[in-house]
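Q: Supplied in structure tokens, the structure appears directly below.
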Amino acid sequence: MSSSPEYVTLSSGARFPVIGLGTYTPLQGEDEVIVAVKAAVRAGYRHIDCAAIYRNERAVGHALKELIVEGIVKREDLFVVSKLWNTCHRPDLVQPSLKKTLDDLGLDYLDLYLIHWPMAYKEGGELCPQDENGKTLFSEVDYVDTWKALEDCRDMGLTRDIGLSNFNSKQIQRLLDSARIKPVAMQVEVNCHNTNSKLIEFCKTKNIVVIAFAPLGTPSMDHQHVKLLEEPALKKIAASHKKTAAQVAIRYLIQVGITAVPKSVTQSRIEENIRVFDFKLSDAEMSALAALNKNLRGYDEKIALDHKYYPFYEDF
């Protein structure tokens, strides 16, 4: 099974499911999240992507507990990921934050814990702290120091592996230069409208697996651009394979050599998004999809543009 196309091997040796369920559902309540997680695991998903800032880890945990009790899945067959939020970068806050996530999820350990962003925000108050003028309040904590605290969490067995999210190549390299334990993965926005190919190639040279969030594009984009799943080239390729545009968009990422966490709370789409291992895109089709790139970033954390560690001023 280790050579299964549905898994990749992390540098730590862990088997990592190529497709996961994204649980960022700001418009949905806890009940929808519970239904989505249960539908995903029943459909074959084993990788669940969470984060403290999503504010729904307790609902995810509720679903996982029911699935385990019902015998649908064993804990050791799941790969659960979460992320440290920006207000908890100070080293003494990392372990309590991870323990809160474990408590909410009802788990003894995570499979992978990521630093959500390289920027630290002011500790001890709101999740997105602001001054009276609405400006985000930053913290001076260096992500290199935050990483040392994540390394300690891994030593303690609170998480099996550690990684990054939304870092640029220079930040990754700076962290690698001092890291005792190397990051095994990096989550970042990747889709046919934002192929992020230079960053992906950089991560591959460092043996870091890339996890694509927003693999189906970003619905909240301004109206001057065609939505990714409405792109004529994508729809044409999908029709020729008797697949949906979403399935082709995800298959593209798999063939680029990365993993993906599509999000949905609709059972039929959740099931559809993991049925991507029974067809292959040709080189010409891959080129046509890569040509859709517009470097469109939907999730750019604009409230932190002035932060010294804001990642997106670099090319990659």
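Cβ atoms are placed via backbone N, Cα and C, with glycine included.
Per TrEMBL, the features are:
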- 19-293: domain 'NADP-dependent oxidoreductase' (DOMAIN)
- TYR54: active site, proton donor (ACT_SITE)
- LYS83: site 'Lowers pKa of active site Tyr' (SITE)
- HIS116: substrate binding site (BINDING)
Q: Sort out for me which one of LYS83, HIS116 has the most neighbouring CB atoms within 10 A, since those are the recorded positions we care about.
A: LYS83
Q: Rounded to the nearest angstrom, how far is the Cα of the residue listed as 'active site, proton donor' from the Cα of LYS83 (site 'Lowers pKa of active site Tyr')?
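A: LYS83 (site 'Lowers pKa of active site Tyr') to the residue listed as 'active site, proton donor', Cα-Cα distance: 10 Å.
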Q: Roughly how many Å separate the Cα of the residue listed as 'active site, proton donor' from that of HIS116 (substrate binding site), to the nearest whole number?
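A: Cα of the residue listed as 'active site, proton donor' to Cα of HIS116 (substrate binding site) measures 11 Å after rounding.
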Q: Determine the mean pLDDT over the domain 'NADP-dependent oxidoreductase' (19-293), rounding to the nearest whole number.
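A: That region's mean pLDDT is 96.
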Q: Looking only at Cβ atoms, how many others are within 10 Å of the one on TYR54 (active site, proton donor)?
A: 19
